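A.B. asks: Structure below; questions to follow.
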Amino acid sequence: MILSLAAEVSPWDIALCVTGTLISCENALVIAVLFYTPTLRAPMFILIGSLAVADLLAGLGLILNFVFTYLIDSSVEFVTLLSVGLLISAFSASVFNILAITVDRYLSLYNALTYHTERTVTFTYVMVVFIWVSCLTLGLLPALGWNCLRDESTCSICRPVTKNNAVALAVTFLLVFALMMQLYLQICKIAFRHAQQIAVQHQFVAISTTKGVSTLSAILCAFGACWLPFAMYSIVADSSYPVIYTYATVLPATCCSVINPIIYAFRNPDIQKSLWMACCGCVPSNLSLRPRTSSDV
């Protein structure tokens with residue numbers, strides 16, 4: 001039975017499963033480093049850890065979706081609803097955790113003098129719990145009846161999510177992306193102002209600030225390039241459209257969870273130090289160990 005199915009496996013589904021495996025491995029490494037390093041307990045690292053958990057679940061969801069599609073009878077409603085619920089919850093949590101990290105970076109610059117006293121670990125945990133409760137609720141909606149299993153004509157490009165629900169999720173993402181753009185624009189303005197106030201040499205302003213703006217641009221471009229095609233396609237298309245277009249927009253969206261650990265975790269010098277210590281028991285001499293805050297970009 002498995003051999004007969006193997007010949008019918010879609011290359012797109014294989015690509016999504018491989019992507020899910022890569023996502024799971026990357027983010028499992030991030031979670032392990034944060035869990036086994038007691039010094040990484042600041043609010044910034046809590047948010048990074050929450051993002052890693054979301055992306056890990058997204059990767060596992062992609063793998064389970066492949067298993068459910070080809071190794072288990074996907075016509076069983078419970079299997080379909082479980083798969084889509086996990087993916088909606090995980091990817092929603094990933095997007096909202098990225099927004100939370102963006103807000104955290106903005107506040108750390110806007111309230112630089114009082115940030116460390118106002119931004120407590122307890123407050124961060126409350127925010128993370130709120131994000132996860134909201135996203136788990138979104139994932140439960142298809143199981144609570146918000147699905148198209150009884151009326152296939154109302155399906156979106158991602159069965160069994162209805163067209164109306166898919167549009168609502170896509171519009172919510174576009175609003176989140178617009179908010180992120182506004183926050184990063186404000187971060188750039190504040191960074192330029194701070195650099196001009198504290199810099200003694202003009203060269204420092206030119207190099208340091210330009211590097212920060214380039215990093216912010218890369219973050220926004222990567223996030224937008226991954227998610228915007230899928231969000232826009234979800235708004236205009238429905239289940240009658242060729243499935244290849246759905247795959248072509250879903251795959252880049254999942255790649256965002258591949259990029260997230262690189263942008264938000266592996267670039268952090270404290271996490272880099274922990275990784276080097278875990279791998280070889282040493283720290284490279286060229287690794288910057290200066291104190292950093294969540295405003296670092």
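Here the Cβ of each residue, glycine as well, is placed from N, Cα and C on the backbone.
Bear in mind that the values here come from a model prediction, so they are computed numbers and not experimental data.
According to TrEMBL, the feature domain 'G-protein coupled receptors family 1 profile' maps to 26-264. Residues annotated as transmembrane segment in TrEMBL: 12-37, 44-72, 78-101, 122-146, 166-192, 213-232, 244-266.
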A.B. asks: Which range wins on Cβ pairs under 8 Å with the transmembrane segment (244-266): 12-37, 44-72, 122-146, 213-232?
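C.D. replies: Most contacts with the transmembrane segment (244-266): 12-37.
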A.B. asks: Mean pLDDT, the domain 'G-protein coupled receptors family 1 profile' (26-264)?
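C.D. replies: Overall, the domain 'G-protein coupled receptors family 1 profile' (26-264) comes to a mean pLDDT of 86.
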A.B. asks: Quick one: find which recorded stretch in 12-37, 78-101, 166-192, 213-232 has the most Cβ pairs under 8 Å with the transmembrane segment (44-72).
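C.D. replies: Counting Cβ pairs under 8 Å, the winner is 12-37.
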A.B. asks: For the transmembrane segment (213-232), find every same-chain residue at least 6 residues outside the stretch whose CB is under 8 Å from a CB in it, and list them.
C.D. replies: 95, 98, 170, 173-174, 177, 180-181, 184, 187-188, 191, 248-250, 252-253, 255-256, 259, 263, 297
A.B. asks: What else in the chain is close to the transmembrane segment (166-192), if you only count residues 6 or more beyond its ends and a Cβ gap under 8 Å?
C.D. replies: 88, 92, 95-96, 98-99, 102-103, 105-106, 109-110, 138, 156-158, 209, 212-213, 216, 219-220, 223-224, 227-228, 230-232, 234-235, 295, 297
